[in-house]
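So the structure is just underneath, and the comments pick up after that.
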Amino acid sequence: MSGLALGMVLAAAVFHALWNLAAKSSQGDTTIFVWMYYSLGCVVTLPFGIGYAIYSGASYGWELPLATAVTAVMHIGYAMLLQTGYRKADLGVVYPVARGVGPVLTIFVAVCFLGERPETLALIGGLIIIGGILIVTGKKLFQRSSGLGTGLFYGSATGAAIATYTLWDNFSVNTLAVDPILYFGLSGVFQAVLMLPWVLRKRTQIAPTWRSDGRRAMIIAVLSPLAYILVLYAMTFTSVALVAPVRESSIIIGALLAWWLFKEEDPLRRILGACVVVGGIALIAIS
């Protein structure tokens, strides 16, 4: 992996951890909150995408609306799983599990179905990531009162969603040659429109959710697309099997923030598990 790609993906990891902190601390209705930051996000990114398309003179056919519609559905599923997980379980469990499961599944699919051949170190790194996840969950996983089972479930489901949209987005920006900024901006429009029927059913919650979480939604609207656009550009010249795991270095920041701000239990074990996951990421990065 080149230094430029590594720098872009690590910067994305920092932004990602920060916006997940904002998501965890939200207080309003989950559906309304997700719709708010998707709507605000497309307002931020779409003008840049349209401007770039005009400047570059690029023209797109059916590929652009198809790709953005598919990724919109995938991202809605991801966001709802993530937000529900944060409401029902600890950030220190959901976040590292989600960010660890995602790249492992991505590597599996990239190798088995996309014909990519990562180095042996990368595959070992994937196994180490799994070990780190087991450390994060610890012996309390099977105790019903611990809440770790809930965190593991939502973290794993979110990780599967991450792997799904990562592979599709890699296909979109590389095979379909869709510009990442325009792609992300238009997907935000699709996300906002697709969620509108559910939002209208809860329209009485829009104002209260905005009052309690408006600033958090704006933070996510800026940092989430910025983080992911950096990743999409990195994937245009770096293997997806390498990009996806390196971005998960954000879990160290997430583990520290969970302990510092939310006073979550077992901070040392969870931070240790996060460090083990990052060790797996390091092997992938140097492979």
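Backbone N, Cα and C atoms are what each Cβ position is placed from, and that goes for glycine too.
Lifted from TrEMBL, the feature list:
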| type | residues | note |
| --- | --- | --- |
| TRANSMEM | 6-23 | transmembrane segment |
| DOMAIN | 6-137 | domain 'EamA' |
| TRANSMEM | 35-55 | transmembrane segment |
| TRANSMEM | 61-81 | transmembrane segment |
| TRANSMEM | 93-114 | transmembrane segment |
| TRANSMEM | 120-136 | transmembrane segment |
| TRANSMEM | 148-168 | transmembrane segment |
| DOMAIN | 151-285 | domain 'EamA' |
| TRANSMEM | 180-199 | transmembrane segment |
| TRANSMEM | 219-236 | transmembrane segment |
| TRANSMEM | 268-286 | transmembrane segment |
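Nonlocal intrachain contacts for the transmembrane segment (180-199), taken as residues 6+ away from its ends with a CB within less than 8 angstroms of a stretch CB, comprise 31-32, 34-35, 38-39, 41-43, 45-50, 52-53, 64-65, 67-69, 71-73, 75-76, 169, 172-173, 206, 225, 228-229, 232-233, 236. Regional average pLDDT for the domain 'EamA' (151-285) in the model is 83. Counting residue by residue with DSSP, the domain 'EamA' (6-137) contains 112 helix, 0 strand, 20 coil.
With DSSP states grouped into helix (H, G, I), strand (E, B) and coil, the domain 'EamA' (151-285) comes out at 121 helix, 0 strand, 14 coil.
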